[in-house]
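According to TrEMBL, the domain 'EamA' annotation covers 142-276. Per TrEMBL, transmembrane segment is recorded for 6-23, 30-52, 58-80, 87-106, 112-131, 143-168, 174-193, 205-226, 232-253.
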Amino acid sequence: MDLTVFLVVLLSALMQAGWNVILKIRLDPFSALVLVGICGGIAALPFALWLGPPDAAVVPWIGLSVVCHLSYYAFIIGAYTRADLGMAYPVARGSALLMTAAVAIFVLAEPIGLIGVTGIVLLAASVLLMARHAIGQRMEAAGLLLALGSGVSVTGFTIIDGTAARIAGSANAYTTWLFVCDAVVILALVLAWKGPRALKPMLGFLPLGMLGGSMLFVSYWLSVWAMTQAPIGLVTAVRESSVLFGAIMAVTLLREPLRADRVVAAVLVVAGLTLIKLH
């Protein structure tokens with residue numbers, strides 16, 4: 001992988017870890033995800049208006065991606081209500097990484113190679129290892145299926161967005177309008193389902209929501225751009241190095257304990273990144 005692309009995806013991973021840490025504000029998972037999703041669209045709107053509408057050929061792809069994003073939110077919120085966050089999220093992201101790599105190799109015929117595949121497997125192992133401390137707790141079948149459903153949704157919008165950006169020839173207008181459409185649909189569904197009262201608890205966290213939403217938007221924008229420059233499977237794998245940044249933030253900012261599994265996961269991340277960079 002080209003060094004510039006590699007560093008851009010690492011920056012994307014750092015921002016992804018950052019907005020996930022922000023999700024740990026004193027809001028329930030549903031409200032936190034809704035707040036960050038809407039704020040991400042607000043952050044994207046000025047860029048969308050400046051760049052102009054996306055190519056007509058990718059408008060249907062934006063619609064498909066919005067559906068996948070909404071299904072991801074539904075699955076992951078459902079998983080959080082039935083399983084420990086420390087298990088549900090790693091299962092969702094780790095399974096998505098492996099499924100995305102499989103689709104990239106066997107459907108898109110991307111040239112990932114043995115070294116790249118080994119790096120992907122190491123990074124997936126590091127993500128799943130983050131769930132180790134919660135394995136002593138029983139994860140009911142419904143929680144596991146919902147987490148895996150989240151992984152399928154992530155795979156769906158990752159493949160869709162990477163392919164659509166390549167069709168458009170640029171990630172810019174596509175990604176900005178995707179976030180605007182995402183936010184509009186999320187807001188409309190929340191208002192239709194729960195009414196304006198559902199937004200009231202979020203207002204006190206608006207500054208944090210804008211910070212998290214902006215990080216989510218820029219992080220994904222960089223990631224989609226990278227998928228126009230390098231194999232989707234490898235970009236996705238490098239982006240999941242966010243587990244390393246997330247662990248560092250959890251220990252330094254949230255004062256969570258430095259567990260042995262996090263140290264081992266960090267070693268796996270570094271090893272996986274090294275192999276992918278050598279690809």
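Heads up, the Cβ atoms here are built off N, Cα and C, so glycines get one too.
Whatever TrEMBL says is automated annotation, not expert-curated.
Note that the structure is predicted; figures quoted are calculated from it, not measured.
Using the rule of three or more Cβ pairs under 8 Å, pairs at least 6 apart in sequence, the transmembrane segment (205-226) is not in contact with the transmembrane segment (58-80). Break the domain 'EamA' (142-276) down by DSSP state and the numbers are 118 helix, 0 strand, 17 coil. Counting C-beta pairs under 8 angstroms (sequence separation of 6 or more), the transmembrane segment (174-193) fails to reach the transmembrane segment (112-131), with fewer than 3 such pairs. Between the transmembrane segment (58-80) and the stretches 30-52, 87-106, 112-131, 143-168, Cβ pairs under 8 Å are most numerous for 143-168.
Proximity of distant same-chain residues to the transmembrane segment (143-168), defined by a Cβ-Cβ separation under 8 Å and at least 6 residues beyond the stretch ends, is recorded for 54-55, 57-58, 61-62, 64-65, 68-69, 71-72, 75-76, 78-79, 82-83, 87-89, 91-96, 99-100, 103-104, 107-108, 174-175, 178, 224-225, 227-228, 232, 235-236. Taken as a whole, the domain 'EamA' (142-276) shows an average pLDDT of 85 in this prediction.
Taking Cβ pairs closer than 8 Å, the transmembrane segment (87-106) reaches residues 75-76, 79-80, 112, 117, 120-121, 123-125, 127-131, 134-135, 137, 139, 143-144, 146-148, 150-155, 158-159, 231-233, 236-237, 240, 243 in its own chain, all 6 or more past its ends.
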